[in-house]
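Q: Sharing a structure below in structure tokens format, with a few things to ask.
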Amino acid sequence: MGNRTSRHHRAAPEQPPPQPKPKPQPQQQQQQWPRPQQPTPPPAAAPDAAMGRVLGRPMEDVRATYTFGRELGRGQFGVTYLVTHKATGKRFACKSIATRKLAHRDDIEDVRREVQIMHHLTGHRNIVELRGAYEDRHSVNLIMELCEGGELFDRIIARGHYSERAAAALCREIVAVVHSCHSMGVFHRDLKPENFLFLSKSEDSPLKATDFGLSVFFKPGEHFKDLVGSAYYVAPEVLKRNYGAEADIWSAGVILYILLSGVPPFWAESEDGIFDAVLRGHIDFSSEPWPSISNGAKDLVKKMLRQDPKERLTSAEILNHPWIREDGEAPDKPLDITVISRMKQFRAMNKLKKVALKVVAENLSDEEITGLKEMFRSLDTDNSGTITLEELRSGLPKLGTKISESEIRQLMEAADVDGNGTIDYAEFISATMHMNRLEKEDHILKAFEYFDKDHSGYITVDELEEALKKYDMGDDKTIKEIIAEVDTDHDGRINYQEFVAMMRNNNPEIAPNRRRMF
């Protein structure tokens, strides 16, 4: 279940992770965060300036104020660029959303709400700041703080050593964001490690929450029914389509579990399997490294991951927990090095597997995809060879599929491997074919041979780089990280057995001693 909005900017290569600055003292439960600042009015527009249909104010040319540089990231609805303020020379990130992609009223409302929420939350140290919003005839442009310090997990991995105390400091910053959001009537709904970036490469850089595209305003006791979020981090009540802001606490608890162990608490070979595990609620505290982790840490995780949302700790109660406090009980001894290794693998593995599954889909016989080819043709109404979001939106109901708007967007994001905003034939097949067919031995062999260009029986670093770059799937550093993690015999290349283990999710390095539950 992917999130349905575009990603925020990703920064340059990461530096060793910082020891984050402490958050406000947890005993200040009733602390009032700074009042939301009113957005700075845009410069006066010409008398005949047209009104923007998204922001509802006179259109402005963002390029008159900012110089656009390189692309930083790309998502379903837009592209994020590095921009420079012409008058001051200061650098920012600009999320540019093409208005032609905002085809429905809900799309427009989502962008408006994202702008409103980011302005509303302005002033918090751990929330990325929106500096301005501009609309012209082609796009809505959101100017934001530039986060150049890298993703949360990346910096931990780069450092290579880590302690419970460091995990507690990071968790404090994450929960402080939740506390501020909830106290100001905002429900984030998509808390996950990828949505936390460090502002700078310095050791004391603050951690910043980004991407409020799924966030909503809420009142105490209000419940929601739409299925949103990301599979590993989604709360059980969200899957039951009756949930409130307590779901943010669950997501933060999942992040804390991963910070301490390197793997998610609810793990399976498919998204449906993950959802079943979430609903069952069994949390593994017996496998390594949990026996050596403090009781205080385990106590907090358990209280954040209670199945009944009413029994979960509130953000204020978490900040007062003895383990997480700045002067609290979290020990400073390093966590087992395998935690870093497993975290690295969890972050990197899916990219290679997604490409491999697409390769498998491209080699399936007509017999194996009976019905799927015709379904693709019926959805591809303009015969372009690709399916757009609009074609999915209009075509699925005609096929008898009852699916919500948010689920349609999630399907698009999950299936769109190369991130170009459309689903091609192979992407469609790999997303809709039952996994047991994709994992047949002969299909995996074909995928392996696709990467093994010289038929040596091994996939080398160069072969992997060549194949993945065709799909724009990561930089050299990430590619080398992937091969290092899949290469369990450490000979610098991937043999067929290692490739099969990766495809079938049986790699013991990912989930040691974890029993199959499905």
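Yeah, the Cβs are placed from backbone N, Cα and C, and that goes for glycine too.
Sharing the features that Swiss-Prot gives for it:
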{"type": "BINDING", "residues": "L72, G73, R74, G75, Q76, F77, G78, V79, T80, K95", "note": "ATP binding site"}
{"type": "BINDING", "residues": "D380, D382, S384, T386, E391", "note": "Ca(2+) 1 binding site"}
{"type": "BINDING", "residues": "D416, D418, N420, T422, E427", "note": "Ca(2+) 2 binding site"}
{"type": "BINDING", "residues": "D452, D454, S456, Y458, E463", "note": "Ca(2+) 3 binding site"}
{"type": "BINDING", "residues": "D487, D489, D491, R493, E498", "note": "Ca(2+) 4 binding site"}
{"type": "COMPBIAS", "residues": "26-35", "note": "compositional bias 'Low complexity'"}
{"type": "DOMAIN", "residues": "403-438", "note": "domain 'EF-hand 2'"}
{"type": "DOMAIN", "residues": "439-474", "note": "domain 'EF-hand 3'"}
{"type": "DOMAIN", "residues": "475-509", "note": "domain 'EF-hand 4'"}
{"type": "LIPID", "residues": "G2", "note": "N-myristoyl glycine"}
Q: Can you tell me whether DSSP puts D489 (Ca(2+) 4 binding site) in helix, strand or coil?
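A: Note: D489 (Ca(2+) 4 binding site) is coil by DSSP, not helix or strand.
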Q: So what sits near D452 (Ca(2+) 3 binding site) in its own chain, CB-to-CB under 8 Å and at least six residues off in sequence?
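A: In sequence order, the residues whose Cβ lies under 8 Å from that of D452 (Ca(2+) 3 binding site) (at least 6 apart) are Y458, I459, E463.
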Q: Between the binding-site residues G78, T422, D487, which lies closest to E391 (Ca(2+) 1 binding site), Cα to Cα?
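A: Answer for the nearest of the binding-site residues: T422.
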Q: Grab the pLDDT values for the domain 'EF-hand 4' (475-509) and give me their mean, rounded.
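A: Across the residues of the domain 'EF-hand 4' (475-509) the model's pLDDT averages 74 on the 0 to 100 scale.
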Q: Excluding D487, D489, D491, R493, E498, please set out which residues of the same chain place their CB within 8 Å of the center of the CB atoms of the Ca(2+) 4 site, keeping sequence order.
A: Y458, V486, T488, H490, G492, I494, N495
Q: For G78 (ATP binding site), identify the closest of the binding-site residues N420, D489, E498, judging by Cα separation.
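A: Nearest by Cα distance to G78 (ATP binding site): N420.
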Q: Hey, for the Ca(2+) 3 site built from D452, D454, S456, Y458, E463, who else sits with CB inside 8 A of the CB center?
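A: Those within range, site residues removed, are F451, K453, H455, G457, I459, T460, R493.
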Q: Sorted by position, what residues of the same chain at least six away from D380 (Ca(2+) 1 binding site) have a C-beta under 8 A from it?
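A: Correct list: T386, I387, E391.
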Q: Quick check: which same-chain residues outside D380, D382, S384, T386, E391 lie with their CB within 8 A of the centre of the Ca(2+) 1 site CB atoms?
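A: Going along the sequence, the neighbours come out as L379, T381, N383, G385, I387, T388, T422.
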Q: Other than its own, how many Cβ atoms are within 10 Å of the Cβ belonging to D382 (Ca(2+) 1 binding site)?
A: 10
Q: Helix, strand or coil at S384 (Ca(2+) 1 binding site), per DSSP?
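A: Reduced to three states, the DSSP call for S384 (Ca(2+) 1 binding site) is coil.
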Q: Helix, strand or coil at E463 (Ca(2+) 3 binding site), per DSSP?
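A: The residue in question, E463 (Ca(2+) 3 binding site), is helix (DSSP, three-state).
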Q: At the level of the C-alpha atoms, what whole-angstrom distance separates R74 (ATP binding site) and E498 (Ca(2+) 4 binding site)?
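A: Just about 31 Å between their Cα atoms.
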Q: To the nearest Å, how far is the Cα of D382 (Ca(2+) 1 binding site) from the Cα of T80 (ATP binding site)?
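A: The Cα atom of D382 (Ca(2+) 1 binding site) is 29 Å away from the Cα atom of T80 (ATP binding site).
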